[in-house]
């Protein structure tokens, strides 16, 4: 609870500040807060916290160097590359995703949520900078493909969550082109939260349903978000990209279904079946998606066309 109380004002300041150094300093405070939280949970997590600390420190340094010099020499391509590498590393996007799966497999569910959720908000806000849409599209597709292929090989649910993070962060990256980034991220964040809560409470039926929601199947919120993004992609991009996204979605669906089926089988042995929880889950996902799309999403303006 203390971390949540700290995060809210920090994130509000990050999203409203116009000073580059203040932004960077607040972003690093958020990252270090997550590291300290992981350490405080259990001494056994100290090694994992150190791994995360090194990743966040290196990525923060790249962002500081790249961002500071971009302010002064915006036309220097090498500086933009430095800034982009820092963002990719901090977000765990391919090809700098090497730390995500090993770390997720060792953390508890609460720590996983903070690493994959609120801690990603500051680096995502850097996408408002004028990155080339070709670069954003390339790394988006690369992450979607990488995450989907990694998900086929993992054998535990925490690693699935890590692979899912790589895939969905690719979708978030792409949705920035469509002015839909925060809406998609909100839906993904809530879906991840529900999944982690159900897993931590050993609610097998709800865990299976939440895994389906992460896959983007109807009627869950991520389905509506992906339909919107695919419709934009078909209007403004080469249809070949649509095929790539559909293939990655099908690959993701396979490993989500595999684990969802496993939890459903376990739920059959349970004496208590909470249909009220299932109903609330479905309604919450739908309401979140509809509100996000209504207020932010249905905007046909694409950033690179402005």
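Including glycine, each Cβ sits where the backbone N, Cα and C put it.
According to TrEMBL, the features are:
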- 18-198: domain 'NADH:quinone oxidoreductase/Mrp antiporter transmembrane' (DOMAIN)
- 20-38: transmembrane segment (TRANSMEM)
- 50-72: transmembrane segment (TRANSMEM)
- 78-100: transmembrane segment (TRANSMEM)
- 107-125: transmembrane segment (TRANSMEM)
- 131-150: transmembrane segment (TRANSMEM)
- 180-199: transmembrane segment (TRANSMEM)
- 211-230: transmembrane segment (TRANSMEM)
- 236-257: transmembrane segment (TRANSMEM)
- 278-298: transmembrane segment (TRANSMEM)
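Contact check: the transmembrane segment (180-199) against the transmembrane segment (78-100) gives fewer than three Cβ pairs closer than 8 Å, residues 6 or more apart, which falls short of the contact criterion.
Long-range Cβ contacts of the transmembrane segment (236-257) within its own chain (Cβ-Cβ under 8 Å, at least 6 residues beyond either end) map to 137, 141, 144-145, 147-149, 151-152, 154, 160, 163-164, 167, 211-212, 214-217, 226, 230, 302, 305.
The listed stretches are 20-38, 107-125, 131-150; of these, 131-150 has the most Cβ pairs under 8 Å to the transmembrane segment (78-100).
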